[in-house]
Amino acid sequence: MESSADLRSMIEQTLTMIITPDQQLIEKGQTQLQALELLDTYTLALTEISIDNTRDISIRQLAGVLLRKYVNKHWTRDIENFVEPEVTEQVKSQIRRILPHGLNEPNHRLRVGLACVISAVAEWDCPESWPELLPFLIESLKTTNKSLIHGSIRVLTEIVRDLDDRQLPFVLPLLLPEMYRLMVSNEFSLRIRTRAIGIFTLLVSLVHDINERDRILSVGYILPYLPPYCEAFKRFLIAPDSSLMSDTGCRIETIRALTLLFKSFPKLMQQDAANLLQSVWTCLTSNTENYVATVVYKHGEMDASVDSDGETLSFECLIYSLFEFVQVLMDLSTYKNSVKTSMEELCYYLILYSSRSIDCLDGSDEAESRSLNKVMHPDCSHISTFRCQERIGRYPWSFPCGDGEYLTDTYLPADEKRCSNGRDIELTRIMLNSMDHITNINCQKAFYCALHLNRTFGLDQFNGLVILKPPPSIADVWNNDCEPLAQHCSSEWLIIPAYPILFGFFQFLYFTNRSVDQFKENIIPDLVCFNEQSCPMLLTKIDSIQIINGLTCCHPSNLTEFTEAKDFNDLVASFGFYYHQCLKMSNENSCINSSYFYCNESKKCIPNYRVGDGASDCIWREDESFNTCQWNDSNRFKCESDSNKCLSSVALGNGLADCPSTEDELFSYTQNLIILTPFPELCNHYNNRKIYPLELTETDETNCDWWPCNNPYTNCDKYWNCPNGADELNCPNTKCSFNELVCYKEHFESSYCIPLVHMYEKYLDPCDDTDLLREFYFYNETTNINDDYFSWNDSKCITLDKLCRINHDLQTESTEEEELCLYQYGGLMWIKPVVIFQNKEYLCEFELRTGNDDFERFFKSTGLGNYPEISTNRSVSFMSKIHKKEKIMFHIDSELTAFCHRGIAVLNGMDETKKCFCPPNYFGSRCQWQNQRISLSLQLIYHSMTSINAIFQVIIILVDEDNGSTSNHEQITYIPTRDCDTKFNIYLLYPDRPKNLLNNYSIRIDLYEKTKLDYWASWYLSIPFRFLPVNRIAAKLSIPEIPEIQPCSLPCGEHGKCKRYINEKFLFFCYCDQGYSGTRCNITHKCDCANGSLCVDSSSCICPLYKFGTYCYLKHSVCQTSNNLCQNNGICIPTDDRISSTGFTCFCPESYSGERCQNKNNRIDIHLDDKIISTTSLLLHFITGFNDAEHERISILKKISFYQKILTIYVSQPFNILLVEIPNQYYYLVVLRQVYIPSENISVEIQSKQRCSSIDELDNNTFAQYGYFNRTKYYPLLCRQDLKLMCFYDEDLMCICDTNRFSNCFLFDKNMNNDYQGYNYCENGGQGFQNNNTCPTKLTCICPDCFYGARCQFSTEGIIFSLDAILGYHIQPHVSLNQQPLIIKLNIVISTTLFLLGLFNGVLSFLLFRKKKLRQVGTGYYLLFSSLTSIFNIILLIIKFWLLTLSQMSLITNRSFLYFNCITIDVSFKILLASNEWLNACVAIERMVSATKGTSFNKKKSRKISKWVIISVFILTILTHIHDPLHRKLVDDMDTDEQRIWCFVKYSDSVNIYNSFIALFHFLITFLINIICGLWIIKSLAYNRRNVHRDQTLRQHLNYQIQQHRHLLIAPCLLVLVNIPRLIISVSSGCMKSAREPWLYLTGYYLSFIPSMLTFIIFVLPSKTYKTEFNATIEETKRRCGIRS
């Protein structure tokens, strides 16, 4: 039976309609298809079409998809979602017969689809109705046809799952050898080999099921095949990454197979276990660097793929599979000890592979707080936060207090409380008191009494005195009579504690025959037991007595010299030190793992990351003394005082001096002198202590000769820096009047204000600058004073020359202004008391101290002045860093708080019963138990080129992947401008307690735009290591700029859509419509959400902006008031109701800011000078100085629109300096405000005098060669020497010349890296800049030459220029035509002129050459079609110009229309221009042939050839340009706040090379043809004439031929002349570097149309024949029109 040919033809026609882009045809085809489905042989026809390789592949693929869907619904009534009609048995039989032939299909996608159909049919019919299928598949595997093998193995994967016990004995011997052959052969692809391993795993699982019923039978099945398979598995696991066997998916399947083998047949695997476990370990440890690079730091591409079942084969899946294998080994007694020996290393890799981001579990990415008694994070003891609860100790020997606090160098039993919550003491009590491991109660009591009678722990004795410590750690037994152990204990010995945990490793053993009196005198144990694998170093110290309970036991004398211990304090002294020895010593001879460091004296292996971390892991400190600098690790800190010491970053700033000169603590993450000693701390008479350890010859207080003693950083700082106190004169907030100095009475009980006019000082005689004894006098002019004294009022400065009378001019009074007072050294700064001149009695003293070490100095705006001048007088104030007010903490009952541990206690009812409200991570009546949970730290990042006022709702869902149910979910509202740096900490709880380990959970994060509730994107987070009770996951997610719309193929039914996870490109899920849920959206549920909200499932709703609550029925009152709380048209956004019911956030318009948009922003109008500003963007740097903090810098990028004369900026933050940077060129000082003035309007013009000079320009590289300290001391001199200098800079500093000509400098990084999180959103080497360094939400790009667009995604490179790139940005959107720039108006004139001239030329040429007389030779045909291409070309030019103009003016916005023009017009230009050039070249060739052959030229043959040549020319040009429309698309571009739509073409590298070659080919070949033909014609005719007329020279013949046949030469010569400028522009420029200078490229663009417009001028006017015919045509036309000549 076959389907009719008519039916197959009808179905094929229907499928053809469905795959067309015409929507009407699609709908018609779908209607026809629904009717055809009712026919009996419809399924058979689809099958025949699918496997018929003579038909179109797209039709076959669609037929295969429809066949699969039809089989899944109609094959049998047993299908769950069966739909009538059922396929008849006759049709089924035919389909089963022909369908396997489809497995031989070469097309991969179609073959996989047909394999899926076979699998679907086999599910119901094999083997009962289809017994021949399995033998066919097995035989197919033996062939060499790779397509058939791939298809067969794809089907076998499904069929093997359903094999029963009867079939298995026959199938195993056939399949296992074939699977092995496929698996080890390099001839097959990795996917086939991976599937072979998968089928082997399925067969093993089937054998395992038999094993549970018949062990002997199952062993017989599998045993013969184990050795070769295990050997192959070993090779797969240890294969290097470059090997063909290193595929991630292949390794995953290998690990899964081994997991099942060890789990099902543990004893059978013992023979190969050693080699296999070593291979698994190698696979685990060798991938750490790759994991950290790809998963943790997101560098590079992750090895992620998906098999045809949709299962992810990512690198993370491999790691999870490895740990699942380890988990199986832990559950098997045969292998448990093997795993325990490497438990420490396993835990390291577990933590490493658990790190999903740089937010480390041990907090190594953050600074740690430390108390004096080595308690880390003591603040966590009273703060119940996620940050504390989800943190572990950084070091392996630390003791966790359970709340984020942990102890270093601590072991149990502890003799004093160090954990704030007493956990160490509580565990000590349990360790020493608990006897629960002893079954006999009386034996427990007797043993407890024997150990603790009249003893305490935590008291100490010193010289007979009892020193009380904190309360005893154990309950004491006083004055009781103890009973003998032998009386109640039947065993030979008793142990304490139950496990070997005393001092970390020990268990004490006491014999029961020991008397009560012996216990009273001595409680030292009879034997000390330990686990030799945990502390192997003890084996070298002891003589082992026996093994008890698996522990090695020895006599105490092997370990301690003490033979007696009266209490547990003595035991601590005897055994406590072994805690560190066991942790830091071992008996290893080498390290197997290459990423481990070997401590050769301590004989211990530790991970490399723990070397040089400031904490010794080896007992002899080899890890801290090792020269880690030889590792060349750029992340390590190199000690300046020891070149062989490079520290891990966790050792910096940890409170411990790890460098010899303590620079690791002083520098605290930096070695930069400019940061250690910033500019404000130079030359202030105080040596900076931070640089003492560096032992520098040049310091902050050397070579200060040019430094003014009175400057912004010494002025009025209450400490004298000038010898006469000039820097403390006339200070604000002082009680003294003008020109009066404060002078303090002894002990500062009172003070005087001494006028400067009354202060005198005595000249020094003799003068010794090594021991200056200055004398200060108060003189009130009541008596005469001689020339031995001088007045401070007469001289602005006091120098050593003045005091020593070296400069005699200073001996007399002077009214002339002195030079600036400079820094003075030595004894001049020793300030002496002031005495009264008349009686020499003590009066008072000035401040005795100079310099100050009590506060840091920061950049100050004092003395900067104002530029431009302030227009009005305003009241202003100084700025300080705003510190948030601390919240008042009310008194809390500590007893009530402790009752609920980490919960909140409340008093319930009249009897005030204590009840506990527990946080998500705890449960129980007193919150005493930890919940099994996922602790998720989430940070979201959003960057946009357009909008910054975005609001998102984030839904975090714990998904049970097996049934698609949502077990637990949380919601957060994310506002990028508010929450950009926020880490959201979320607990997700499992639905069952304890959790079901069989369920496979994952985290799905859905994102919605809050205002419209539109779906935006989703992320997938896997949960590693399912056996862990708590999973700590940290993730940083980047929100895409536009919603995720990439299509995917997951079937989701009628009520769902397939969505792709944006962080896992090969993973999909079904996004269900409201009211539906499940993995395929096939489960209905009732939705109770309020109107306007979005129903996620039956228990969760997404509320609109102004509603909240579980079902969104509650309204936010805060933003619903009639009077908007946000002023000046601000948008009110309510805060999350779980945080505050009255809180809100305001989105302010650009010109306002503040909590309620109440503040008017400063407006700065910068007038742009075209001579200075020749770029499309400017960088604006706002500098703000503070009195008590580092200066703040905010840099933003502003794009400059074409023809923009004024750049307007609204500034909300206070600032003192505005610098404008022309990217990669110059800096300009635009605005100076000594004191910030709010709500100010500033208008300023950028002028050349404002340019900041480089230090290299100012000092001719002299100073630039000096170091930081030496160089900067001369900077004040630069400002004084050049009075016009406003600013200058060096590699580190930016300096402003203030009103006193002091160089006020601040740290200024000119090489800012603005690629957020290491990722540059800009393309083609563009620089990305953020709108805010702290909270960036908007990005702007600076494009390199030849690129443009918001992301620099468009290029101007290419031989043929595009009018879009040249002229597009000059067209202003939403501006009328008469207000467009001059260049647009000129181009309207030019394009119109060219259109008219071209049309006139084309029409005249067409009228002429359409005459049959002129088409007697091929030239006439060439010129006729050349005229037609000229007409079409010039029409397209005017259409292109006006479409570009109107679309960029936003008058044409229809995307379909614009897309059609995008893919047709430009390629039509190229085709017509190239065709015209070839037609002109054909004219030149034919003329050359005609001139050569003369009278023998065959006109008839010429006409015939010309027709074929013309067709060939058009075919050639079309085929060579067919790639162009395939690479074109419309792109929305937001640039300078202007929405534009571009016709964008982007070629791959290979296509780009091809495109350039084709452009050059069409241009240069035709160009050369015209030149060569013209020269050939002249040369040929000249030689022919010379053969006839030998009396003339060759030159004379050439001249004659040129005169006679000049019309043959004019055409090619003119074409060459016209094309030469275009060729020069194209080749020399390479690309248009800036759209601001378009005329050169416009010239080249328009020149490309000139040759096609010159047909009439080039070919008609120079020819007498053509002119005669043209005149005749004109006359004929006149006669027809009745016009007389």
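Quick reminder: no glycine exception, Cβ is built from N, Cα and C everywhere.
Annotation source TrEMBL lists domain 'Importin N-terminal' at 29-105.
The domain 'EGF-like' annotation in TrEMBL covers 1044-1082 (among others).
Around C1058 (disulfide bond), the same-chain residues six or more apart in sequence whose CB sits under 8 Å from its CB are P1047, C1048, S1049, L1050, P1051, C1052, F1068, F1069, C1070, Y1071, listed in sequence order. Under the heading disulfide bond, TrEMBL lists C1048-C1058 (among others).
The feature disulfide bond is assigned by TrEMBL to C1072-C1081 (among others). Over all protein chains present, the Cβ of C1072 (disulfide bond) has 24 other Cβ atoms lying within 10 Å.
Nonlocal intrachain contacts for the domain 'EGF-like' (1115-1158), taken as residues 6+ away from its ends with a CB within less than 8 angstroms of a stretch CB, comprise 949, 951, 972-973, 975, 977-978, 1105-1109, 1210, 1212. If you look up TrEMBL, you'll see 1115-1158 (among others) marked as domain 'EGF-like'.
Annotated disulfide bond per TrEMBL: C1148-C1157 (among others), in sequence order.
Taken from TrEMBL, the feature transmembrane segment applies to 1388-1409 (among others). Remote same-chain residues near the transmembrane segment (1388-1409) are listed as 1415, 1420, 1423-1424, 1426-1428, 1430-1431, 1433-1435, 1437-1438, 1441, 1445, 1646, 1649, 1652-1657, 1659-1660, 1666, 1669-1670, 1673, 1677 (criterion: CB distance under 8 Å, separation of at least six residues from the stretch ends).
Among the features that TrEMBL reports, domain 'G-protein coupled receptors family 1 profile' is placed at 1400-1659.
Taken from TrEMBL, the feature transmembrane segment applies to 1421-1444 (among others).
Per TrEMBL, the feature transmembrane segment maps to 1456-1473 (among others).
If you look at the transmembrane segment (1505-1523), the same-chain residues 6 or more away from its ends with a CB under 8 A from one of its CBs are 1417-1419, 1421-1422, 1425, 1467, 1470-1471, 1474-1475, 1478-1479, 1482, 1486, 1547, 1551, 1554-1555, 1558, 1561-1562. The transmembrane segment feature in TrEMBL is assigned to 1505-1523 (among others).
Residues annotated as transmembrane segment in TrEMBL: 1557-1578 (among others).
The transmembrane segment feature in TrEMBL is assigned to 1608-1627 (among others).
Residues or ranges marked as transmembrane segment in TrEMBL: 1639-1661 (among others).
Counting only same-chain residues 6+ beyond the ends of the transmembrane segment (1456-1473), those with a CB under 8 A from a CB of the stretch are 1360, 1362, 1429, 1432-1433, 1436-1437, 1439-1440, 1443, 1447, 1514, 1517-1518, 1521, 1524-1525, 1528-1530, 1541, 1543, 1545, 1559, 1562, 1648-1649, 1652. A straight line from the CA of C1148 (disulfide bond) to the CA of C1081 (disulfide bond) spans 41 Å. C1157 (disulfide bond) sits 45 Å from C1081 (disulfide bond), taking the CA atoms of both as reference points. Around the Cβ of C1148 (disulfide bond), a 10 Å sphere holds 23 further Cβ atoms from the protein chains shown.
Cβ neighbours within 10 Å of C1081 (disulfide bond), excluding its own Cβ and spanning all shown chains: 22. Ranking the disulfide-bonded residues C1048, C1157 by how many Cβ atoms sit within 10 Å of each one's Cβ puts C1157 at the top. Here the domain 'EGF-like' (1115-1158) has a mean pLDDT of 82 out of 100. The DSSP breakdown of the domain 'Importin N-terminal' (29-105) into helical (H, G, I), extended (E, B) and coil residues amounts to 52 helix, 0 strand, 25 coil.
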